[in-house]
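Trainee: According to Swiss-Prot, the protein carries these features:
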- 28-62: coiled coil (COILED)
- C85-C114: disulfide bond (DISULFID)
- C250-C263: disulfide bond (DISULFID)
- 76-308: domain 'Fibrinogen C-terminal' (DOMAIN)
- 1-22: signal peptide (SIGNAL)
Amino acid sequence: MGKIYSFVLVAIALMMGREGWALESESCLREQVRLRAQVHQLETRVKQQQTMIAQLLHEKEVQFLDKGSENSFIDLGGKRQYADCSEIYNDGFKQSGFYKIKPLQSLAEFSVYCDMSDGGGWTVIQRRSDGSENFNRGWNDYENGFGNFVQNNGEYWLGNKNINLLTIQGDYTLKIDLTDFEKNSSFAQYQSFKVGDKKSFYELNIGEYSGTAGDSLSGTFHPEVQWWASHQRMKFSTWDRDNDNYQGNCAEEEQSGWWFNRCHSANLNGVYYRGSYRAETDNGVVWYTWHGWWYSLKSVVMKIRPSDFIPNII
């Protein structure tokens, strides 16, 4: 009888243990569900915070690009004023970036991108890279300059007034670096590059050509078109200041400022088309002798340097 009683007690204890285990398991499951919900909630909040931070950073970046920043310029230590990027290079500053220069006859400093590669000392007067800047502008903008003087690949036009102040200092070489949408590169180089003053309507003068892209500026690629396609000794034109040789208005038709003739075999300030572009119009970023009139290039850099430049390797 005692054995039966003991067995019953053990059975009851086991049953109670199972019920307790079941209750404990159910409680653990509920706790797991609660914790998972909390984790999911926290993950959602973290993602929301990350999105907000990204938006704030983007807004700050846009404000920075709009306003510019002194911190975007490379500090020269207040050593002296420089007439162009070649002087900066030969004074020991070999890093490409934005610097401030003051040509000999300039009344004030202005910012410019110095390309310290490719032999160093290049003053960049124009850049096209992504179509972020509008180059269909009037006379005053082209005279004084416009664009992004903050980002290293930012688009800008240095200004006809500033280009004149640079090129009257001596004999300068112009180098034009071109890139297409198939990742090919080419260049055109001209000796004796000079832009006239305001009275000459910033007339273009170029000398001997060399390079791989062909001579689109002087129009010597074909004698029958040179009379209307050459840009040599052409005055600068904009939509509101027509100085070309065409009965119409080249700048208005091509939607850019340039040294138009009737109208062009090169227009590096033309409309920027994102992607390889071919059509029955020539108002893109054009260099005829490399890709013809109906191909708009991906990127352009126009840069100048004294023709007698000797790099200081120290």
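Cβ coordinates are placed from backbone N, Cα and C, and glycine is handled just like the others.
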Trainee: Check the domain 'Fibrinogen C-terminal' (76-308) for me and report the mean pLDDT.
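Mentor: Computed over the domain 'Fibrinogen C-terminal' (76-308), the mean pLDDT is 95 on the 0 to 100 scale.
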Trainee: Look up C114 (disulfide bond) in the DSSP assignment and reduce it to helix, strand or coil.
Mentor: strand
Trainee: For C114, C263, listed as disulfide-bonded residues, tell me which one has the smallest number of other Cβ atoms within 10 Å.
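Mentor: With the disulfide-bonded residues C114, C263, fewest surrounding Cβ atoms within 10 Å: C263.
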